[in-house]
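To keep things clear, I will list the structure first and then write my remarks on it.
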Amino acid sequence: MIQFGVIARNFSSSSAVQSAIKNVTVIGGGLMGSGIAQAGQNVTLVDVNSEVLVKAQKSIGNNLGRVAKKIYKENPQEGEKFVAEALGRIKTSSDPVAAVKSTDLVVEAIVENLAVKHDLFKKLDAAAPSHAIMASNTSSLFGGLHFFNPVPVMRLLEVVRGAETSEGTYATMMEWGKAVGKTCITCKDTPGFVVNRLLVPYICEAIRLYERGDASARDIDIAMKLGAGYPMGPLELADYVGLDTNKFILDGWFKKYPEQALFKPIPLLNKLVSEGKLGVKTGEGFYKYEKK
Ligand SMILES: CCCCCCC[C@H](O)CC(=O)SCCNC(=O)CCNC(=O)[C@H](O)C(C)(C)COP(=O)([O-])OP(=O)([O-])OC[C@H]1O[C@@H](n2cnc3c(N)ncnc32)[C@H](O)[C@@H]1OP(=O)([O-])[O-]
Ligand SMILES: NC(=O)c1ccc[n+]([C@@H]2O[C@H](COP(=O)([O-])OP(=O)(O)OC[C@H]3O[C@@H](n4cnc5c(N)ncnc54)[C@H](O)[C@@H]3O)[C@@H](O)[C@H]2O)c1
């Protein structure tokens, strides 16, 4: 199988792995970046769009508030302190190059587009200290640290180990994943890693089933929830992830593997994306949602 190039830059020392990560830079403050930034360390959250950063801070505050309500049921003042301290550890910036000057770990979570990601990493590589690890949260393109949505709830972290990932870098990523509360699994740098290699064909087949008119969207989702025990049906999940992200992944794989029938473009998905119906984040995808 063709391997995508690994972008994770290697950490030079193999010792003192965990203490090596003091400052984390998360690039991209959308759905995923805002969740990753909440992981509980000194984080600088970067986005080119400053409105996104304001929205991210609000959503992080709300999520931390939910956690505080549960932990500090009897002591709301302590809960407020917890939220304020956690928010205080998250800085924001709209300048990726300036933000990585003294970073130990970069987790990139920008748009799922190979050229845009490469361009960003080139700039970051020149600006970051030489010991810094560069990892990507890409769903499908190359190695790194793959989180799941919603990040505060989903317990898995896929640590993607490419052919050139050093033992030190790999060990540091595993330790860091554990330190931020995730269960880590390791996968080679193969398209979609473990979860998405199985999940993408499943979601795509569900969209095709619906497109053919074999069952209604609601019935497809009910079937998989009640018949297979999934928390969300495949079309609900596609809306939750974002139909643009679904399309980016599928288009990228189709370009690379045109002979693979499972990766062929889906006219209905393309139509919804071209109409700006990207799922929960725009208020409509396979379903309609109330705007938050
Ligand atoms: C072409 C195909 C494309 C594939 C794309 C792949 C994309 C990607 O690369 C991989 C993925 O991420 S794949 C995607 C992988 N993801 C999946 O597969 C997700 C599947 N869905 C689920 O697991 C569930 O439906 C949810 C957890 C989302 C909601 O759970 P529910 O029971 O229906 O509703 P509930 O009762 O409201 O919430 C329950 C608890 O969660 C808490 N909470 C919720 N949201 C939160 C947030 N944003 N923040 C913080 N906390 C949040 C909430 O407070 C509550 O806590 P409590 O302590 O119990 O009070
Ligand atoms: N949505 C999911 O469920 C999910 C799950 C796991 C992984 N991922 C992956 O995570 C990444 C982000 O996905 P998302 O759903 O958070 O997308 P999103 O559209 O919600 O957020 C992406 C953010 O990146 C910003 N951005 C774009 N180019 C930038 C640049 N050059 N520098 C700084 N910021 C830039 C945008 O302004 C936007 O706010 C993608 O690679 C995606 O495949 C997504």
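Glycine is treated like the rest: Cβ placed from N, Cα and C.
Automated prediction, rather than curation, is the source of TrEMBL annotations.
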Which of Asn149, Asn270 shares the NAD(+) site with Gly28, Gly29, Gly30, Leu31, Met32, Gly33, Asp47, Glu112, Lys117, Ser139, Lys281 in TrEMBL? The record says Asn149
Taking Gly30, Lys117, Asn149 as the binding-site residues, the residues having C-beta under 6 A from ligand 1 are Asn149
Would you mind ranking the binding-site residues Gly30, Met32 by how many other Cβ atoms sit within 10 Å of each Cβ and giving me the lowest?
Gly30
If you draw a 10 Å sphere on the Cβ of His146 (site 'Important for catalytic activity'), how many other Cβ atoms land inside?
24
For a three-state summary based on DSSP, what are the helix, strand and coil counts in the domain '3-hydroxyacyl-CoA dehydrogenase C-terminal' (192-289)?
65 helix, 3 strand, 30 coil
